[in-house]
Amino acid sequence: MVKHQPLQVYERQLCLSCITGIYGCRWKRYQRSHDDTTKWELLWSFILLFTFCLLLVWFYFWWEAHNDYNEFNWFLYNRSGEWSDGTVPILATTAAGFTYVAFLMVLALCHVALGQQLNLHWLHKIGVTAALLTTTAGVISVNQTWGQEWDVVPISLQATGPFLHVGALAAVTALSWIVAGQVARSEKTMFQVVVVLLYLSLLLGLYMVPLCITSPCIMDPSTLKQRPDVIGHRGAPMIAPENTMWSFQRALQMNVTGFEADVSISVDGVPFLMHDHNLRRTTDVDKVFPDRRMEDASSFNWTDLQQLNAGRWFLKEDPFWMVRTLSPREKDLIANQSVCSLEQLLKLASYHNSTVVFRLRRPPPEHPCYHSWINDTLHAVQQSGVPQGLVMWTPDDHRAQVRQWAPGLIQTSAEKRSPQSLQQHGISRLLLRYNQASTQEIRYTHTHSNITLTLYTINEPWLYSVLWCSGVSSVSSEASHILNKVPNPIWLMRPDEYCLMWVSMDLISFAVVIGIFIFQKYNPEQNMVSAAVTRSSRDLNVMKEKLIFSEVGNGVGGADELYGDNGYDYYANHGIGP
């Protein structure tokens with residue numbers, strides 16, 4: 001009979017069991033291993049890391065793209081013909097995938113910190129592969145259909161860059177505990193050198209990142225320009241149906257200084273407000289004129305357009321999830337909105353001394369007003385009685401002729417041109433999408449020319465703040481009720497304050513890293529663990545098998561009972577003998 005000293009009973013390690021069990025389905029003690037991770041599992045660790053980084057960028061992109069969700073949904077509507085909030089499934093799957101992969105990353109780091117062998121379970125490998133493939137497909141799809149939206153990433157970094165840098169520096173500094181532990185446990189000099197060099201390179205790179213961070217909000221507060229004017233894009237479409245009189249009235253309640261609208265021309269020459277090419281999305285044309293629901297909006301006469309309801313769709317579709325916040329009176333007003341003419345909008349603007357900028361869509365060639373569309377629009381402007389100085393004229397067609405007939409109109413271009421070219425053509429205002437003008441161009445236009453710049457569509461306070469610090473004169477917004485609550489930029493920081501914060505964070509991080517490496521190097525407990533781990537795996541496995549068979553021969557339960565129920569930690573027990 002083989003005799004041995006009594007087994008030492010250890011306390012159950014529930015935390016370690018959960019970590020190795022969830023990550024690799026290794027719930028029992030004898031299933032764990034301090035052996036080196038195999039090359040195959042190392043490959044999966046790199047795949048997991050890459051998937052995490054890709055999902056992190058993807059998640060950040062969609063978080064910051066919130067400013068343009070309505071634009072994205074409109075792109076989907078043009079493709080499918082049905083209105084729906086396509087961002088909901090994307091955000092749900094992105095959040096779920098990121099949470100899942102981030103959880104696996106935390107478990108992997110815990111394995112490394114505890115000296116456990118990485119062994120990702122095959123179910124998790126399938127999950128990580130699915131997350132990687134779906135995210136890659138999403139990136140390719142967005143790049144093909146909505147490629148201009150990638151510009152939101154460098155713009156958003158102007159608002160979040162300093163804070164992301166602090167977070168990244170804190171995370172990499174905390175990672176030094178794991179790196180130092182790996183270096184202390186390893187007896188391979190080459191491995192230690194490579195790990196330390198890689199980590200220090202990453203750390204030094206983070207220390208230097210602020211040299212590349214440029215934000216207009218890092219400035220002297222005394223040089224901050226006045227608050228940019230807010231123009232209601234299609235009125236206030238988040239809280240009222242777009243391009244309706246109630247939408248523009250709601251925008252006025254939010255202290256907008258002007259309106260922006262899209263204008264089409266009816267068969268009988270009446271300019272009216274409509275963004276889409278047809279009437280399906282924003283009216284009840286399916287019910288009133290079911291046979292004409294796919295026709296161009298400009299193919300209707302004004303009498304037919306007046307029969308359509310332009311508000312009930314908003315209550316039904318709830319495109320911005322705001323209907324529940326409306327009062328019964330507001331719902332009644334919305335339900336009775338009709339298609340708005342340009343003349344009605346201009347009269348409202350004249351009464352409140354608000355500016356109006358509109359995009360005029362030329363009707364199809366077979367349209368009766370194909371050649372007279374400019375004259376018909378100018379006639380509507382004159383009929384409204386609005387002062388010409390309140391109207392921003394954007395069409396480039398016949399601009400010289402328009403200037404002769406209505407010299408008081410504010411000549412505005414919706415195409416990016418140099419200030420010299422704009423001045424040569426008598427254009428005093430520029431209307432661009434926010435990604436078409438850099439901070440340097442905004443400041444140059446503001447200080448070195450007489451061109452007034454308006455950027456669209458600005459819905460998020462962070463973007464409004466960045467443009468405010470850049471010195472933009474005005475913005476066009478669908479969320480005037482949100483921007484109305486932004487009395488100051490979200491954050492401002494003097495350059496010397498930012499430099500002090502940057503240097504202080506670097507010094508604190510460096511001191512913490514040095515302290516952790518010294519502690520790990522001279523930690524007696526760590527040295528004992530390192531000595532135990534460096535035993536050859538072959539000898540450990542042979543001793544383990546002898547112990548299991550000897551206990552089975554003496555009537556003791558199987559390995560699961562021996563190592564699980566008795567809480568026996570083989571690697572920490574050195575009192576076993578024949």
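Residue positions begin at 1 at the first shown residue.
The backbone N, Cα and C atoms fix where each Cβ goes, glycine too.
Nobody curates TrEMBL annotations by hand; they come from automatic prediction.
Annotated features in TrEMBL:
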DOMAIN    228-487  domain 'GP-PDE'
TRANSMEM  42-63  transmembrane segment
TRANSMEM  90-114  transmembrane segment
TRANSMEM  126-143  transmembrane segment
TRANSMEM  163-183  transmembrane segment
TRANSMEM  190-209  transmembrane segment
TRANSMEM  500-519  transmembrane segment
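A contact links the transmembrane segment (500-519) to the transmembrane segment (163-183), because at least 3 Cβ pairs that are 6 or more residues apart lie under 8 A. Within the model, the domain 'GP-PDE' (228-487) carries an average pLDDT of 94. Take the transmembrane segment (163-183) and the stretches 42-63, 90-114, 126-143: counting Cβ pairs under 8 Å, 90-114 has the most. Taking Cβ pairs closer than 8 Å, the transmembrane segment (90-114) reaches residues 16, 19-20, 22-23, 45, 48-49, 51-52, 55-56, 58-59, 62, 120, 124, 127-128, 131, 134-135, 138, 175, 177-178, 181-182 in its own chain, all 6 or more past its ends. Distant neighbours of the transmembrane segment (126-143): 44, 47-48, 50-51, 54-55, 58, 61, 90, 93-94, 97, 100-101, 104, 120, 149-150; these residues of the same chain sit at least 6 beyond its ends, with a Cβ under 8 Å from one of its Cβ atoms.
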